[in-house]
Amino acid sequence: MVKVAVLGASGGIGQPLSLLLKLNECVTELSLYDIVNSPGVAADLGHINTPARVTGYLPADEGLKHALTKAHLVVIPAGVPRKPGMTRDDLFKINAGIVRDLATGIAQHAPNAYVLIISNPVNSTVPIVVEVLKKHGVFDPKKIFGVTTLDVIRASTFSSEISCKDPRDIRVPVVGGHSGPTIVPLLSQISPPQSFTQEQIEKLTHRIQYGGDEVVKAKDGAGSATLSMAQAGARFASSILDATVKGKAGIIEPSYVYLEADNEHCANLKKAVEGLEYFSYNVELGPGGIHKIHGLGEISEHEKKLLAAAIPELKLSIEKGISFINSKL
Ligand code: NAD
Ligand code: LMR
């Protein structure tokens, strides 16, 4: 029995993400929670002839508790999206409280679940979830993931437009966090190897860092990336299920995760990022969640500068998330 819960399931991301999860044959129960419309989305998806039983919950009648109880995996796309002119950090005011309340529900009703956090600003919402779980004594650093998959997907797509290769065959590690200058593409480590001019590197880097803005601008007030994010979220969820349910080894996904102080696998990475508590890099998944966090490897001078610019901003966003919980709970 594999129950997956989506919190914020009626939204722009929530609906297509729930559709893709309904198509995942590993899922036997899909539990959809939102403050509006979730029973309708559940009824609609429930007619698709795949194994998952679909249920929809609203806040009334302990909906969050029922949505979460026995969940193996919880995906959180709940919260407001950006409009043109806004930064992701501008969403903190509303989304921090939403994510805190949902994390409290997870701590109480699904303390062993794997949790994927999509709600922005990811650089702060992941520390918020972790602090809530810590307060309830149920934090497992191997199970909490900030979803930065879309940055890596964008990096493949945008790079392929220069190299004219199939984007699915291109992998570019993207490290740091998930907002503007904290998004650090390591184009020097592109696979298969490819050389770019400095001008191409700078243009590509900027496009990957501000890919989200491209969509926000094109949607012109109607929100931010939803469909590409749903695909990215479903890919990550599927990788988690492959590793933790099917026992597949060697799966690597990028993710913004907590760097444990005493874990030998993150020691070098933590040193390279000036002791940051959270950082996004390639994470190798195993049967218990995070098996290993890969190091940065060789990076170019240009990438060193990008990293140096990312670290102070990441530090501020992390502290903002941590102090939001510690001053309010
Ligand atoms: P949306 O407004 O279309 O949907 C959000 C949904 O959350 C709505 O259905 C709303 O009712 C629901 N919601 C609000 N408060 C809730 C609560 N307390 N409990 C449960 N559900 C609640 O927004 P969207 O376009 O789906 O974006 C959602 C979030 O994802 C935004 O914060 C956005 O910035 C973020 N996002 C992140 C990435 C990423 O790469 N990590 C990519 C795209 C968007
Ligand atoms: C994205 O990268 O598309 C998301 O973080 C949404 C946004 O606000 O840009």
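Count begins at 1; order follows the chain as displayed.
Positions of Cβ are set from backbone N, Cα and C atoms, glycine also.
If you check TrEMBL, you get these features:
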- HIS178: active site, proton acceptor (ACT_SITE)
- GLY8, ALA9, SER10, GLY11, GLY12, ILE13, GLY14, ASP34, ASN95, ILE118, SER119, ASN120, MET229: NAD(+) binding site (BINDING)
- ARG82, ARG88, ASN120, ARG154: substrate binding site (BINDING)
- 2-146: domain 'Lactate/malate dehydrogenase N-terminal' (DOMAIN)
- 148-324: domain 'Lactate/malate dehydrogenase C-terminal' (DOMAIN)
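Shown here: features listed in TrEMBL, placed on the structure.
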residue	record	DSSP (3 states)
GLY8	NAD(+) binding site	coil
GLY14	NAD(+) binding site	helix
ARG82	substrate binding site	coil
ASN95	NAD(+) binding site	helix
SER119	NAD(+) binding site	coil
ARG154	substrate binding site	helix
HIS178	active site, proton acceptor	coil
MET229	NAD(+) binding site	helix
When secondary structure is assigned with DSSP, how many helix, strand and coil residues does the domain 'Lactate/malate dehydrogenase N-terminal' (2-146) contain?
62 helix, 26 strand, 57 coil
Write out the long-range same-chain contacts of SER119 (NAD(+) binding site), meaning residues 6 or more apart in sequence whose Cβ is under 8 Å from its Cβ.
GLY8, ILE76, PRO77, ALA78, GLY79, ASN95, ILE98, VAL99, THR125
Using a Cβ cut-off of under 6 Å to any atom of ligand 2, determine which of the binding-site residues GLY8, SER10, GLY14, ASN95, ARG154 qualify.
none
Which residue, of the binding-site residues GLY8, GLY12, has its CB surrounded by the fewest other CB atoms within 10 A?
GLY12
Looking only at ARG82, ARG88, ARG154, HIS178, the recorded positions on record, which one has the least crowded Cβ, with the fewest other Cβ atoms within 10 Å?
ARG82
Pairwise Cα distance maximum in Å, NAD(+)-binding residues per record: GLY8, ALA9, SER10, GLY11, GLY12, ILE13, GLY14, ASP34, ASN95, ILE118, SER119, ASN120, MET229:
18
Report the binding-site residues (GLY8, SER10, SER119, ARG154, MET229) that meet this criterion: Cβ distance to the nearest atom of ligand 1 under 6 Å. Use sequence order and write none if nothing qualifies.
GLY8, SER10, SER119, MET229
CB contacts for GLY14 (NAD(+) binding site) [other CB atoms within 10 A, all chains]:
27
Using all protein chains in view, find how many other C-beta atoms are within 10 Å of the C-beta of ASN95 (NAD(+) binding site).
23
